[in-house]
Amino acid sequence: MLKLFSAFKKDRIWDFDGGIHPPEMKTQSSRTPLRQIPLPEQFIIPLKQHLGPEGEICVSVGDKVLRGQPLTRGRGRTLPVHAPTSGTVNAIRQHTTAHPSGLSELSIIIVPDGEDRWSDRQTLADYQTQSTDTLLAHLHQAGIAGLGGAGFPTAAKLQGGMRGIETLIINGAECEPYITADDRLMQECADEIIQGVEILSFLLQPKRILIGIEDNKPEAISALRLALGKRSDMQLRVIPTKYPSGGAKQLTKILTGKEVPFGKHSAAIGVLMQNVGTAFAIKRAVIDGEPLTERVVTLTGEALRQPGNVWARLGTPVRHLLKQGGFHVNKQPMVVMGGPLMGFTLPSLDVPIVKISNCLLAPSHTEMEPVAEEQSCIRCSQCADACPAGLLPQQLYWFSRGQEHEKARNHHLFDCIECGACAYVCPSNIPLVQYYRQEKAEIRAIDEDAQRAAQAKVRFDAKQARLEREKAARELRHKQAATGVSTSDKDAVQAALERVRRKQSTTTEIGAPIAVMPDAQPDNSAAIAARAARKALVREERARENQTQQETPTVDVPSTELDDPRKAAVAAALARVKARKAAQQTATNAEAPVSSVTSDVVAEPVAVVETQEPDDPRKAAVAAAIARVKARKAAQQTATNAEAPVSSVTSDVVAEPVAVVETQEPDDPRKAAVAAAIARVKARKAAQQTATNAEAPVSSVASDIVAEPVAVVETQEPEDPRKAAVAAAIARVKARKAAQASSHQEE
């Protein structure tokens with residue numbers, strides 16, 4: 001019983017809800033064998049012929065290319081495109097492509113050279129010895145994409161189904177009423193299709209392989225059964241003709257009885273589907289080493305005199321293909337790419353054939369009625385009954401017209417396979433599929449904008465995070481630079497701090513700085529007291545100077561300031577010498593009458609010569625020598641004139657003016673000391689001579705002594721305390737002399 005149930009389930013097929021039965025027009029092209037066509041004058045190869053981004057161009061204008069040579073680089077989900085023939089790259093520019101919008105895309109224009117030479121082809125005939133990754137990479141670089149209409153990269157699809165795939169379905173249903181490309185391919189190339197299926201089986205390792213084909217293709221069914229032979233790993237399933245039984249979800253339901261959930265792919269239930277044309281392309285890429293450069297295209301319609309299926313190179317202009325089918329171009333031709341239900345009208349006949357192009361329909365005026373005027377929806381629900389995906393076409397229509405994108409998305413708009421069954425049964429002639437396509441495009445554009453905005457936000461956040469990290473790193477470096485100093489730097493800093501502390505302590509000892517409070521009045525008492533002390537000191541010094549001046553009598557000899565302590569020492573030595581001489585003279589002249597001496601002294605004024613200080617030490621030495629000579633002469637005269645009367649001595653002393661020799665102080669302390677020593681020696685000699693000549697008459701001695709002029713040095717007021725002390729000493733000596741003179745006069 002279980003075996004019977006398994007056998008029944010093994011050969012059983014299921015049905016799907018909805019669907020339509022349009023009139024079939026396959027016989028126009030299915031009876032004509034595949035044929036090759038001449039090369040066009042130029043090929044137009046769009047860079048994007050698959051679902052995904054376009055590749056990076058790797059050729060330049062003027063380059064020579066060979067058939068099968070890559071024109072773009074394929075990375076990730078980006079498939080490369082290849083040169084369909086040998087020739088020259090004439091241009092790289094925008095060109096109208098096979099799309100309902102009629103927009104232009106970047107394309108490569110190649111002018112064929114007529115030789116149709118192949119580039120180096122890399123084959124993997126022993127693919128069973130190759131790894132899975134090697135096979136997938138080979139398929140990717142060959143540019144293999146789904147030829148059933150979706151254009152999804154085959155390698156990426158297989159990569160996603162490597163795990164959990166239990167059933168591999170080969171789609172040969174081809175449910176469109178006019179298209180016979182897969183039919184003719186299965187009739188003529190069944191063996192190669194089976195080889196491609198074997199490669200897929202090697203990659204996926206499924207538990208079973210099902211080949212689905214509609215019952216309206218008897219020749220193809222026979223060819224496949226012949227190619228399969230007695231194979232048990234592949235099963236051929238013939239299904240009833242119903243549109244759209246060729247859809248992926250619908251064929252999965254028919255062959256397995258499983259339904260693909262909303263928003264999911266068939267791989268979610270362990271099923272993977274490939275088209276028979278894709279299997280054939282896989283065989284050529286792996287066994288023959290040929291990339292995808294051509295495919296089978298159906299030329300059909302009553303406007304063609306020679307309908308059929310041809311091998312069309314990718315990039316061939318539609319105009320060239322229609323010309324090969326005997327199409328007469330009218331003023332306003334109507335050409336549909338694809339079938340009458342899922343196809344679209346071409347905006348121009350210069351658009352090229354791409355990987356997903358499987359049919360060119362050129363109907364006559366009677367074959368296809370003109371587009372009727374669109375009417376309002378009457379909510380008859382026929383579209384809902386015909387929808388094979390179980391959607392609500394009328395609700396999607398209202399959402400699309402009202403730009404209610406989220407509601408349309410929530411009602412599973414993207415599960416619509418755009419089969420056109422709803423529009424086919426609509427009594428109001430509403431082109432529902434066009435509304436759905438437009439709504440899908442708008443939602444995709446919104447999603448792309450949102451994705452770009454999200455990416456921009458991510459980049460902005462990353463930039464802000466990077467700036468924050470850089471800022472934190474800078475602050476950390478600054479902190480490390482501020483704290484991480486070397487030992488020498490620490491020593492230098494410590495020494496500087498010690499100096500500052502010493503200065504602060506010194507300042508505190510001399511006078512503590514005044515602390516300034518923010519809200520208090522400044523306390524200047526210390527500064528005021530210091531200023532008062534300085535003023536008192538100045539007043540005391542001035543009073544002391546005035547008292548000294550009052551006690552000191554007026555000196556006839558003007559004094560000049562001594563600029564140097566050495567000069568003051570010389571002046572002091574000279575003063576002492578003069579004092580000794582005056583004392584000796586006073587003692588010698590004690591017996592002379594006072595009246596005559598006084599009268600003679602006052603009779604003639606003493607000529608005082610203002611002396612100048614020598615400019616250098618040599619002048620000082622000369623002055624000292626002159627003084628020594630005069631001292632010797634004075635001593636000699638004193639000895640000779642000892643018997644002279646005192647009166648004559650006094651008169652002679654006063655009669656001659658006293659010659660004052662200007663002396664200069666030596667600039668060196670040593671010279672000043674020498675001069676002082678010489679002066680002391682002279683004083684001792686004079687004292688000895690005075691003692692020897694004590695018996696000589698006083699008058700003659702006095703007259704001889706005073707006869708020579710006495711050198712009087714004019715002193716200057718010293719600039720410092722030492723000079724002041726010298727001046728005071730000189731004044732005291734003069735005072736003593738005056739006192740002695742007064743006492744002698746009284747006697």
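The first residue you see is number 1, and the count goes up from there.
For all residues, glycine too, the Cβ spot is worked out from N, Cα and C.
Taken residue by residue, the domain '4Fe-4S ferredoxin-type 1' (368-397) breaks down under DSSP into 10 helix, 0 strand, 20 coil. Residues or ranges marked as domain '4Fe-4S ferredoxin-type 1' by Swiss-Prot on the basis of sequence analysis: 368-397.
When other Cβ atoms within 10 Å of the Cβ of CYS380 ([4Fe-4S] cluster 1 binding site) are tallied across all protein chains shown, the result is 13. Sequence annotations record features per position, and here Swiss-Prot assigns [4Fe-4S] cluster 1 binding site to CYS377, CYS380, CYS383, CYS426 based on sequence analysis.
There are 22 other CB atoms within 10 A of the CB of CYS416 ([4Fe-4S] cluster 2 binding site), with all protein chains counted. The [4Fe-4S] cluster 2 binding site annotation in Swiss-Prot covers CYS387, CYS416, CYS419, CYS422.
As annotated by Swiss-Prot, domain '4Fe-4S ferredoxin-type 2' applies to 407-436, with the evidence given as sequence analysis. Beyond its flanks by at least six residues, the domain '4Fe-4S ferredoxin-type 2' (407-436) meets 18-20, 22, 243-244, 247-249, 262-263, 341-342, 371-378, 380, 382-389, 391-393, 395-397, 399-401, 443 of its own chain at Cβ-Cβ distances under 8 Å.
Feature annotation from Swiss-Prot assigns region 'Disordered' to 538-564.
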Integer Cα-Cα distance in angstrom, CYS387 ([4Fe-4S] cluster 2 binding site) to CYS380 ([4Fe-4S] cluster 1 binding site): 13
Shell of the [4Fe-4S] cluster 2 site beyond CYS387, CYS416, CYS419, CYS422, same chain only (C-beta within 8 angstroms of their C-beta centre): GLY18, CYS383, ALA386, PRO388, ALA389, LEU391, PRO393, ILE417, GLU418, GLY420, ALA421, LEU432, VAL433, TYR436
For the [4Fe-4S] cluster 1 site built from CYS377, CYS380, CYS383, CYS426, further residues of that chain with CB within 8 A of the site's CB center: ILE378, ARG379, SER381, GLN382, PRO393, GLN394, CYS422, VAL425, PRO427, SER428, ILE430, LEU432
Using Cα positions only, nearest of the binding-site residues to CYS422 ([4Fe-4S] cluster 2 binding site) (CYS377, CYS380, CYS383): CYS383
Surrounding CB atoms that lie within 10 Å of the CB of CYS377 ([4Fe-4S] cluster 1 binding site), all protein chains: 17
Using Cα positions only, nearest of the binding-site residues to CYS416 ([4Fe-4S] cluster 2 binding site) (CYS377, CYS380, CYS383, CYS426): CYS383
Summary of DSSP states over the domain '4Fe-4S ferredoxin-type 2' (407-436), given as helix, strand and coil counts: 17 helix, 0 strand, 13 coil
